[in-house]
Every structure is written in structure tokens, then in C-alpha cells.
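This report refers to the structure that appears directly beneath it.
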Amino acid sequence: MNKNTWIIGFTLFAMFFGAGNLIFPTQLGLESGHFFWPAILAFALTGIGLPLLGVVVGALDKHGYIGSFNKISPRFSLIFLIIIYLTIGPLFAIPRTASTSFEMSVTPIAQNSGNLALFIFTVIYFLIVLYLCLNPNKMIDRIGSLLTPLLLITIVAMIIKGFVDFSGHSSNYGMTNAYHSNLSGFSQGFTQGYLTMDAIASIAFSMIVVNAIKTTGIQHADKIFKQTIIAGLIAAIALVFIYISLGYIGNHINIPSDTLKELKAKDQNIGTYLLTTMATKGFGTFGKYLLGIIVSLACLTTACGLIVSVSEYFHRILPKIPYKVFVIFFILVSFILANQGLNSVIKMSVPVLSVIYPVAITVILLILIARFIPTKRIAQQIPLIIVAIESILSLITTQGWIRISFIDDLPLKEYSLEWFPIAVVATLVGYMISYFVKQSNIVYQKE
């Protein structure tokens, strides 16, 4: 394993590690109580396992997901990738990184921070993103060898101090009845990890990893696949360590019930409160600044990864427009949306994400199956169409636009996984139908 693989692995970690990856495991630790271990391990399984799988599957074809999706349908490839890149890019995730950085780094320090402060912060934030992203090859090196070590050092410093301050406390009793057994703890952790939606980002980040590996001189798909697995494992190990550590500390922070009630009444994020408590307990007033640095670095690296992946994709389908033009354009769009505030960005994006997320996971699994089982195009098309229809109907019901009664009765609906049994059945039906259809089997390009 050479130096480049380590740099790519650490870059992948940094791109995946956003502010939510700090908040979710810490809050899970508090809520799970005595059932922490099954909850956090299940959280890691879906919160890390699915994104890692998404990155690795993207390396099965020499041309990444573009090549794999084209085998399903060139039209599907174009439409679905445009939706994914715009949704997790300038229309949602990138503006959210800036808004989250502001709310967790500036707001706690400057009590009266308003629209002007947000404007100034986002100008500086996106100028840094612009500098890092204008050259995508240098971006990998800058993040992997500079920003990631700085991010890891600050996180580890807070974790070590957190262990010293809180590990002597007894495990709390949890704050919700959802955790009442090892099985319920596992199912809750599994669902929370799934709901991070990092698997969608893996489709975008996979292209960066594949292209970065190609720049080292590796061109054969099998070797690219092997290096992608190694880089993915490096990122996964770092994420597992941080998730379990933050979750463990959160599990040993005892918050009075009155404080919890007050937080809920104010609709304040409990995970953010726990992180602030951990930072200020360990480092006093400086803790607020330390947490701000950690969150800003985490969000900055994620924003860079998304800007590069989105810009590279659109430059690929519209080669007459230079890559740098796309970078500037998407940063401007993200800047405008970031100044609408965090809550506005989230409200706009959640409905779209709830539709494309099941389709994204389904297509990742279908491509993986096709790697080992002879598969015709129609065997992938049928389950994708059915899952997309179910996801749209589920959204319509959830939003209250039209009441579709059978949607609420679907298995696993309470875990937001009602699409999964449907995907399994549709896949089996698709493979059965494919036996009667004259199509050649899908072959992923290696040379």
C-alpha cells in the first residue's frame, strides 16, 4: 500500500465526515442508554457500510457509475445522475455545509449573529472552497495531506478529553422508550445510520476516488477496484473509531431531565448540545472555538468533495464548458442558497432525498449482484421502476397531498424501509422475466 492510497483514503474519510457525522453518533449514545453497543454497531453497519459499499461498487466498471448506469439505460444514467448531483450538490448538501458551519462555529460565539454575519462568513467559506476546488487533482492532495490530519488531530483531542471527563460516569438510562432491548437498540441504530443518507454521496465520491486512482497510473478496472477497497477501508476504520468514541462519550454524559425538556421545548438539537457540553467541559471557553474549527473543517472537506464531483460530472456531459466555469457557477448557487438559512435548505431537500435514496441503494445493490450473477438489463430496470414508483407514492402520502392507505400498511414502514421488501420481490420478478427476454448479459468494462 503506497502513500497515494493513504492520501485518497483520508480524503474519502474527510469528504464523508460532515457535521452530521459528529452529531448523530453522540445523540445516539445518549438516547440508547444501556443498549448502546448494539445501537452503535448497527449505526456503523448502515452509516458506514452502505457508503463504503457505494464507493466500492462504483469501481466495478472502468468508467465508474456512468458506465454502470449506462448499462441499465443511457437515459436513466443521465437523468438519475443529474438529479443526484444537483440534490446532494448545490441544491442541498453544499449550502447545508456552509449553514451548519456558521450555526456551530459563529453563532455560539457571537450571540447576535444575523444575516450580515452569515453573508460575510459564507463569502469567506466559499472563497476557500473555490481555491481548493479549481484544480481537482491538487484538491485530493490538499485535503488528504493537510486538512484531514488537522481535522483528525482536533477531533481526537476532543475525544481524549471527553473520555477523561465523562468515561468515569455511569451509562445513562437513555431518553426514549424506543430503546428497550438489544434488538430494539440494534434496529434503532440500523435505521439512524440508514437515515444519514451518506449512501447517496458515495455515488458522487466514487468518481473522485476512481479518477484519483487513475492519476497514479492504474488503469485496469480490477486494480482500480482493489485500490478503491483499500482506500474505502482506511476511511471506514477512521469513521468507526470516531463514531464509537463520540457515541460512548454521549452515552456517559448525564443530562438532567429538566434540561432535556427545555431543549425539546426550544426545538434545539440535542446532539449539538452534547458536543458543546463536551467541548466546553474539556476546554472551557476555548472549547467553543475548538468545536467551531472541527465543524468548519468537516463541512469544508465535504463541500470540496461535492463541488469537484458535481463539476467533473457536468463537464463530462457538457465538455465544451470548462470545468472551472462549473466550479464557479455551482459555488455561486450554493452561496445564494446557504444565505437562506439552514432550516430552509433542509425543508426544500428532504422530499427529493426521500425519493432518490431508496432508488440509489437499490441500484448499488443491483450492480453488485450483476457482478456475480449473469444479469440482463431488464432485470435491473424492473425493480428500479417499481422502487421509484413506491418512493413517490410514499412521499405523496407522507406529505399529506393524497392519502394512499396501503402505503402505511407496508412492512418496515415505521423504519422508513418500506421500499426494501418491494425491491427484493421486484428483483426476483425482474430476473424471472429476464429469462424470456432476448438480451445479452451486462458486462462491466475493465480495460
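Backbone N, Cα and C define each Cβ position, glycine as well.
What Swiss-Prot lists as transmembrane segment is 5-25, 40-60, 74-94, 114-134, 143-163, 193-213, 229-249, 290-310, 317-337, 350-370, 382-402, 417-437, and the listing cites sequence analysis.
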> Cβ pairs under 8 Å with the transmembrane segment (290-310): which stretch of 5-25, 74-94, 229-249 has the most?
Replying inline: 5-25
> What stretch, picked from 114-134, 193-213, 317-337, 350-370, 382-402, has the most CB pairs under 8 A with the transmembrane segment (5-25)?
Replying inline: 193-213
> For the transmembrane segment (350-370) against the transmembrane segment (114-134), do we get 3 or more Cβ-Cβ pairs below 8 Å once near-sequence pairs (under 6 apart) are dropped?
Replying inline: no
>> Which residues of the chain, 6 or more past the ends of the transmembrane segment (417-437), have a CB below 8 A from one of its CBs?
In response: 191, 194, 358, 362, 365-366, 369, 375-376, 378-383, 386-387, 390-391, 394, 407, 410-411
>> Can you work out whether the transmembrane segment (317-337) touches the transmembrane segment (114-134), with the criterion being 3+ CB pairs under 8 Å where the paired residues are 6 or more apart along the chain?
In response: yes
> Can you name the far-off residues of the same chain, 6+ from the ends of the transmembrane segment (143-163), with a Cβ under 8 Å from a Cβ of it?
Replying inline: 6-11, 13-15, 17, 132, 238, 242, 245-246, 248-249, 278-279, 282-283, 287, 290-291, 293-294, 297-298, 300-301, 304-305
> For the transmembrane segment (40-60) against the transmembrane segment (193-213), do we get 3 or more Cβ-Cβ pairs below 8 Å once near-sequence pairs (under 6 apart) are dropped?
Replying inline: yes
>> Using Cβ atoms and a strict cutoff of less than 8 Å, what residues sit near the transmembrane segment (193-213) while being 6 or more residues removed from its termini?
In response: 4, 8, 11-12, 15-16, 20-21, 24, 42-59, 64-66, 81, 84-85, 87-89, 93, 136-137, 140, 224, 227-228, 231-232, 302, 305-306, 308-310, 312-313, 353, 356-357, 360-361, 364, 415-417
